[in-house]
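Colleague: I grabbed these lines from Swiss-Prot:
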type	residues	note
BINDING	Leu84, Gly112, Ala113, Glu114, Lys115, Val116	S-adenosyl-L-methionine binding site
Amino acid sequence: MKDSPQVTVLRLGHRPGRDERMTTHVGLTARALGADKVVLANAARNQADTVIDITDRFGGPFDVASTEEPKRLIRDFEGRVVHLTMYGEPVQEVEADVREANTAEPLLVVVGAEKVPFEVYEHADWNVGVTNQPHSEVASLAVFLDRLFEGRELDREWENPDRVVVPQETGKRVVDPDEE
């Protein structure tokens, strides 16, 4: 988000045939809730295209990249690393420290898909759990980003959209930005 060092979300792993929607939703959630970039495993090319298409239609800025070496990205990242895992420290106990670190350094938020290698736990500055119960990695990412940005992401202004959603009490309304 503006006024702070970059926040990048890394989708660690992607199981074709099993993770299509979940990987897409990790990217869309990262975009909608304040991250600056998502990095997906190369096997997730279609999911990357979907996130790029949404960004083109509904505004940005938001970057999408892919990697064949996600563990190397974690190891070589120049900033702090947060790994979202149900086994981590409770988000409410570490969020202030993570937020403070992100005032000075970029942040890489790692979201797993398949079994996460132990070295990811070791390289993370924080292993963070949202409830320490099994649930969706998309839910964990959403809660974590909301805690990180303290709700500021909900008021974000999107640049250069082709379409704008007009909030309604009932019904749906999507318009050209000039009609808003």
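The backbone N, Cα and C atoms fix where each Cβ goes, and this holds for glycine too.
Model, not experiment: these values are computed from the prediction.
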Colleague: Just how many other Cβ atoms lie inside 10 Å of the Cβ on Ala113 (S-adenosyl-L-methionine binding site)?
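Modeller: Total other Cβ atoms inside 10 Å, all chains included: 20.
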Colleague: Counting other Cβ atoms within 10 Å, pick out the least crowded of the binding-site residues Leu84, Gly112, Glu114, Lys115, Val116.
Modeller: Lys115
Colleague: When you look at Leu84, Gly112, Ala113, Glu114, Lys115, Val116, which the record names as binding S-adenosyl-L-methionine, what is the longest CA to CA distance in angstrom?
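Modeller: Of all Cα pairs among the recorded S-adenosyl-L-methionine binders, the widest measures 13 Å.
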Colleague: For the recorded S-adenosyl-L-methionine site, whose residues are Leu84, Gly112, Ala113, Glu114, Lys115, Val116, find every other residue on that chain with a C-beta no more than 8 angstroms from the centre of their C-beta atoms, and list them by sequence position.
Modeller: Leu12, Gly13, Thr85, Val111, Val120, Glu137
Colleague: Please report the three-state DSSP label of Glu114 (S-adenosyl-L-methionine binding site).
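Modeller: Its secondary structure by DSSP: coil.
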